[in-house]
Amino acid sequence: MPELLPRPHTRGATGSRSQRVTVRLPAVALSTRISPRTVGAGIVAFALVMATTVAALLLGEVELGPGGALSALAGAEETPEAEAFVVRALRLPRALAAVLVGGALAASGAIFQGLVRNPLVAPDVIGVNAGAGVLAVLTIVTAQAVVWLPVAALAGAVGTAFAIYGLTWRRGISGHRLVLVGIGVNAALTALTTLLIVRFPVERVSSAVRWQTGTLHGTGWDEVALVGVGVAVLLPLGVWLTRQLGALELGDDAARALGARVEPARAGLLGVGAGLAAVAVAASGPIGFVALATPHLARWLAGPLTRGVLVLSALLGGGLVGLSDLAAQHALPTSLPVGVVTAAAGAPYFLLLLYRTNRAAL
């Protein structure tokens, strides 16, 4: 049986009292501390994910009630063929893809922000998504083979992440320097992507342009499988590696004194963050600002980045992208790419965050 050990009240940075409960599972030699705030926020985030998924199954040109959607999902014989096709082949994979893509992007952003201790860092801001995008677009316009798209996106994201890290390294990592280097790399890769689009015939670049907007339109089970496997493998690995962040935040020398393997831990977190961004970008194209804003919301709800807060970020990201996709489909008479909605909501937030960061530095 799990053993619950309540820890004494401690006073956090804000002066408020908080309590953590230590959960020990002797059978698997696992012990972790869970904050009640994190658990409560996680329940709310999971409810948001479920609500957006159910709404995505019910809303659309073909109107369905809860009973009809359940019958279609269960494959009941009395379900009309058109309704079964709409639910199982169109709406369900799109809803699942929205949740998984949002979760992958949000977890990636949380890892990058925790790794370099800078709230302005996110894979879409520092060029990781652009690195995935440039190789993905190159694959689309040259090979015309979608099967290689995930490989190209992963190679571009991971390669760009390590290149930015190498360019930023000066006896350690400065968060502000990484942001500046990343913005420059992002601009260069975005320009290269634009060059690829204008240099190739329109019949080859039309799908690349549509993919660049960040859309879940036409998402099928192949994309769900891609991002689902990526999240299933990389998110637990990221949760396991997140325990090293506390030591890394003390500085490299202090982390080594505490027994942390600094460079392997940093490289592992960098690879996991880039991999999560890559599978999301490969499935939907670059959806902006989810990776930047969602970790802030998670930390505001549950405190500094821990393993629980990383999972909370993923749940919030899934719910927010699901909600944004619903707005993109149904808020206006014409359907929009989900990337347009997240950019419209995220750009003002980024400017506010930049203003607050600069003001705090004065």
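Numbers here mean position along the shown chain, with the first residue as 1.
Glycine is no exception: its Cβ is also placed from the backbone N, Cα and C atoms.
Some features that TrEMBL has for this protein:
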type     : residues : note
TRANSMEM : 39-60    : transmembrane segment
TRANSMEM : 95-113   : transmembrane segment
TRANSMEM : 120-141  : transmembrane segment
TRANSMEM : 147-167  : transmembrane segment
TRANSMEM : 179-202  : transmembrane segment
TRANSMEM : 224-246  : transmembrane segment
TRANSMEM : 267-293  : transmembrane segment
TRANSMEM : 305-323  : transmembrane segment
TRANSMEM : 335-355  : transmembrane segment
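Touching of the transmembrane segment (95-113) and the transmembrane segment (147-167) is ruled out by the presence of fewer than three CB pairs under 8 A, sequence neighbours closer than 6 excluded. When Cβ distances are compared across the two stretches, the transmembrane segment (39-60) makes no contact with the transmembrane segment (267-293), since fewer than 3 pairs at least 6 residues apart fall below 8 angstroms. Ranked by Cβ pairs under 8 Å to the transmembrane segment (120-141), the stretches 267-293, 305-323, 335-355 are led by 267-293. The transmembrane segment (224-246) shares the most Cβ pairs under 8 Å with 267-293, out of the stretches 179-202, 267-293, 305-323, 335-355.
Take the transmembrane segment (335-355) and the stretches 147-167, 267-293, 305-323: counting Cβ pairs under 8 Å, 267-293 has the most.
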